[in-house]
Structures are given as C-alpha cells and as structure tokens.
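Peer 1: First, the structure itself, so that you have it in front of you.
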Amino acid sequence: MPGRPSVAGRSLLVSRPAGRMGGGGSALRVCADHRGGINWLSLSPDGQRLLTGSEDGTARLWSTADGQCCALLQGHESYVTFCQLEDEAAFTCSADRTIRKWDVRTGQCLQVFRGHTSIVNRILVANNQLFSSSYDRTARAWSVDKGQVAQEFRGHRNCVLTLAYSAPWDLPGAPCAEEVGGLLVTGSTDGTAKVWQVASGCCHQTLRGHTGAVLCLVLDTPSHTAFTGSTDATIRAWDILSGEQLRVFREHQGSVICLELVNRHVYSGSADRTVKCWLADTGECVRTFAAHRHSVSALRYHAGTLFTGSGDARARAFDAQSGALQRVFRGHAFVINCIQVHEQVLYTASHDGALRLWDVRGLPCAPPPRPAAPARSRSRLFSNKVGCAAAPLQPA
C-alpha cells in the first residue's frame, strides 16, 4: 500500500509498573499493526471504538474494551490524512484526493466521495452532511447518503487546512440562520479564515488579520465566536456573524498548532514548546505549561487534567488549574500526532506507527475551570489540529 515511512509491527500487550508522578506512566498496550505513521485518531461517540488513519494508506478500527484491532480498512491509494468515527460508520480522507465511508461492523467500503483535485486535509461529519477541505483551495459539502457534492466553497487563495461547522440551532439569535443552512468556517494558508453559508455556498465573511497560515480553529457557537491559531504566533477571536476581530492573544513565540476550548478558557499548543491557557472573553494569559522539549502537537482536556502530545515523542498530563506536571508518558519514537482519553485510558497515536494505551488512574479528577463570565449554554467544540507543513503564504 503506498505510503511514506515504513514501520512494521504487531499488537503487543505490555505490562509495566505504574509510574510515579512525573515518571514514565504505565503502558497498558502497544498496538503496532500499522506499517506507517498514524496521522489521526478518532474516538466513536459511544466510546466503544477507535479509528486510526495511517501513512500506510489504511485505517484500522480498534476496540476500546481490549485494545484489539477489529477491522482493517483498505482501499485508499495513498496515505490517510484524517479520519472521523461515528457509531455506525467511519470516514477517512486521503492524499489520493478521495474520501471514503466504511461500515464499522464489516470494514467494507460503503461509498467513495470523488471531486477534489488535490490532497484532502480534513473532514467533518455533522447534521447528516460531510464537509471536507483540500489543497485544491476549496472546501466542499457532501450528502452523506448519496456521496454527491451538495456545495462547493471557492474563494481561498491557497490550501484549505481546517474547518468547523455551526448548525442553525447552534446559532441563537442569528438572523436567517435556517435559510443559510448553518455556517461553515474554514482556515487557510492564505492567512484568512472564511465563514460560508452552507445552503448557498456564498462567503458570508472573510476574517482578515493574521499574517501567517491559519493552522487550527475552534468555535464557540453560543457566542458566535471563532478562535483561530496561526503561524504568526497569535490566536485571534472573531465574531463569525459580523466578521469583526474581537481580540488578539499575543504571548506565544512560535506557530500556534492546536487549540482546545473548555468552559470559556482557550488552551493553545505551540511550536514554542509551551501550552498556554487564556481567558476566552478577555484574551488574558492566565497559565503557561512549559515542560515540553519540542513543539506541542496535540491537546486534550479531560476531568481537570490537560493532556498534551509533543514532537519530543512524549505525552504529558498537567493539572489544568495549577499547571503542575503530573505525569510523563514515554515510549513513542516520533512525534505524537493525536490523543484521546476514555475511561481512565489515554490513547496516543504517533508518527512511529504505534497506537499506545496508557493507564491514567491516580491522576486527580478536578472539576473544569470556573467560567470567566456568567455561564452560558455548553459550547459545541470542533478541534482541528494540522500536522502538515504549511504551503507558502499568498496575499488574501
């Protein structure tokens, strides 16, 4: 199967003594079936399965009950860039310019989505629609059932890296929300983010202000706010209805690679080897997590603990409120591209081709941070990390 680096292996059950605070953690299982780096890891909504997408051109389904591989998804003609797992179906996208839908019970390919003319970077399944972004400078909306393009979003001047969707019912108070069919937000290496009306395909707003590629974004739909992270080392908050830039978060010294939004706090991972915690409503930096030896490539907040993955091949657990380092998880050989947490197990996927399961029992379970403003309805979170190198910036 075409791919890039080759790492052969098999599933291994590894038992090690539980690590001390700040120590090596406890690896429950090492799953090394992939023969290339793992680019993404997705957890099903019911928590029963994991999906990995790899440089070896395949995806694999895993059981969270025992860590065993339960299906091999073969068919892509090049490496898998991203994947999303639903309860009944799995979705993968690839450098072969296609997206595939798979049956999670049989592993059979149910649908191939064709139309993009270059690498497909990201996909998002929401509201019975499939959204995709590509190096061909477009984003697209597809019918999940028919596999046909429902809408094409053209206007970016370079590669579209990341995207998020806000359904009409997630936009309280927005004029004509039902008519526009919700809003799609895209981020590009052209330095802009764009807000699109899904029903018409029209660009609703262009969010200009970044001086580098937009690598990641998250949405807080109740406040109509998008947060974007860029190679210009800033995070910016935008009103997606008016297009107004609300505030700029400026303390990072390197590209902002990944974002997480938790109860009015924004967590950002950067090439400057730190994670920072910001008040979403003011832009004030309230905490810096600084124990990494390389870029921070992945973030996941869970039950009062902030888990990070880094280019130094280690995952870490921090107390989200104090910033104290609680545990270091050693074992991977290359950058950790994605992390998930489910029922006291940390899952890490790396460019070394391995999926590792770690015991996180014993870490304190604290409540989420208190909101910096009066509590609002729970935000719908879309976290999009970009691990690929950005294309050259072109003027917007």
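Glycine too: its Cβ is placed from the backbone N, Cα and C atoms.
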Peer 1: Quick test of your reading of TrEMBL: among 1-24, 361-384, where does it put region 'Disordered'?
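Peer 2: Per TrEMBL, the stretch marked region 'Disordered' is 1-24.
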Peer 1: With Cβ-Cβ distances below 8 Å as the criterion, list the same-chain residues six or more beyond the ends of the repeat 'WD' (181-206) that contact it, or say none.
Peer 2: 127, 129, 131, 133, 137, 139, 141, 151-168, 170-171, 212-217, 219, 226, 228, 230, 232, 238, 240-243, 384, 390-396
Peer 1: Using DSSP, what is the helix/strand/coil residue split across the repeat 'WD' (113-152)?
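Peer 2: With helix first, then strand, then coil, the repeat 'WD' (113-152) has 0 helix, 24 strand, 16 coil.
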Peer 1: Determine which residues of the chain contact the repeat 'WD' (113-152) at the Cβ level, with the cut-off under 8 Å and only residues 6 or more beyond its ends counted.
Peer 2: 81-84, 86, 91-95, 97-101, 158-165, 167, 182, 184, 186, 188, 196, 198-201, 382, 384, 386, 388, 391
Peer 1: Mind tallying the repeat 'WD' (73-112) by DSSP state, helix then strand then coil?
Peer 2: 0 helix, 22 strand, 18 coil
